[in-house]
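**Student:** To start, I am sharing the structure in question, which I have written as structure tokens.
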Amino acid sequence: MFQTFRKWFWSERYWLPPTIKWSDLEDHDGLVFVKASHLYITIPYAFLLMVVRYFFEKFVATPLANALGIKKTQHKIKPNAILENFFKHSTSKPSHTDIYGLAKKCNLTERQVERWLRIRQKQNKPCRLQKFQESCWRFTFYLLITMAGAVFLYDKPWAYDLWEVWNDYPRQPLLPSQYWYYILEMSFYWSLVFSLSTDIKRKDFLAHVIHHLAAISLMSFSWCANYIRSGTLVMFIHDISDIWLESAKMFSYAGWKQTCNTLFFIFTVVFFVSRFIIFPFWILYCTLILPLHYLEPFFSYIFLNLQLMILQGLHVYWGYFILKMLNRCIFTQNVQDVRSDNEEEEEEEEEEEAESTKGKETEYLKNGLGTNRHLIANGQHGR
């Protein structure tokens with residue numbers, strides 16, 4: 001049964017143009033052609049990248065964060081078995097009745113119970129240091145892979161003349177630079193998929209899952225059908241904008257708002273130029289229109305362009321988020337990642353600080369001290 005499925009799945013009519021056989025893409029005369037088996041190595045490489053990421057975050061990103069004044073936030077609370085049990089088994093926001101009952105059981109005020117539960121919830125949320133580490137890793141990878149892509153493509157004729165993308169397709173041999181560009185890119189996306197459970201979850205978590213799987217599917221399919229030349233162009237124009245986004249987020253977590261805003265505006269320009277001008281009018285034109293001058297439409301041609309159109313739909317989705325951030329920047333002079341919980345985190349920190357200050361003031365007044373810990377003269381408490 002497996003052999004039947006394998007024969008059906010790898011049928012030449014699904015992958016190759018009419019009249020082309022797999023035998024036409026066998027290695028010969030020192031020329032190497034793509035093989036699906038080449039992609040198996042991306043899985044162990046993905047785990048290797050995860051190990052590299054661990055050491056990078058520990059020995060590079062963390063010291064850099066400390067140098068920028070980003071520390072690991074510790075939210076400490078007094079252990080309370082009753083509140084801990086309620087927190088672990090509660091699936092929704094506690095009601096006023098729940099808070100009242102817990103306050104009675106623990107001999108605490110309702111305010112103290114609410115504060116305990118809020119701090120306990122924050123212990124499960126990523127701190128700024130974790131967010132900085134993640135962005136620093138992604139920035140470093142995108143920067144290095146973009147530089148590598150530029151080196152790989154600068155002397156390739158299809159980077160300047162789109163007609164060359166389809167010259168002698170699919171009998172196009174695989175170059176070592178193309179091999180490593182694809183393998184490293186796919187390994188990175190596999191590593192992102194494997195680390196989804198531990199990475200920071202944002203509002204567009206589902207979109208990220210779809211994006212990663214779509215990217216892997218697109219790269220895998222383009223590899224097996226030998227759309228390598230157009231694939232390298234797609235990867236390059238996507239990576240080049242992500243550099244600016246991750247760098248903007250890094251400086252945002254560090255509190256360098258002006259630098260963050262500048263980098264974000266650069267990202268916005270690069271994103272909309274690459275994803276809404278170059279991609280549809282250059283890449284899609286190359287994959288959708290130009291092949292028809294050489295070949296009749298066939299299955300892999302249709303499937304490839306369908307995936308690229310889905311990718312363009314994701315561009316529109318993220319473009320909406322970017323416009324929201326741009327709107328926020330224009331009217332509040334502050335850029336934040338609308339996908340994250342930064343605002344909620346900052347509001348909670350401010351509220352917690354206010355409560356702490358208020359509690360200290362009350363304690364000082366009870367002991368006859370002012371808020372600056374100096375004695376208050378009798379009769380002056382109400383002034």
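Heads up, the Cβ atoms here are built off N, Cα and C, so glycines get one too.
Note that the coordinates shown come from a computational prediction; the quantities given were computed from them, not determined experimentally.
TrEMBL lists 85-128 with the feature DNA-binding region. The annotation compositional bias 'Acidic residues' is assigned in TrEMBL to 342-354. If you look up TrEMBL, you'll see 355-364 marked as compositional bias 'Basic and acidic residues'. Taken from TrEMBL, the feature domain 'Homeobox' applies to 83-127. Residues or ranges marked as domain 'TLC' by TrEMBL: 130-331. Feature annotation from TrEMBL assigns region 'Disordered' to 340-383. The transmembrane segment annotation in TrEMBL covers 37-56, 135-154, 179-197, 263-286, 298-320.
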**Student:** Any residues 6+ beyond the ends of the transmembrane segment (179-197) with a Cβ under 8 Å from its own?
**Tutor:** 38-39, 41-43, 45-50, 53, 141, 145, 148-149, 152, 208-209, 212-213, 215-216, 219-220, 223, 228, 231-232, 235, 239
**Student:** For the transmembrane segment (37-56), which recorded stretch in the set 135-154, 263-286, 298-320 gives the largest number of Cβ pairs separated by under 8 Å?
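**Tutor:** That would be 135-154.
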**Student:** How does the model score the domain 'Homeobox' (83-127) in terms of mean pLDDT?
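**Tutor:** The average pLDDT of the model in the domain 'Homeobox' (83-127) works out to 81.
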**Student:** Mind checking how the domain 'Homeobox' (83-127) divides into helix, strand and coil residues in DSSP?
**Tutor:** 32 helix, 0 strand, 13 coil
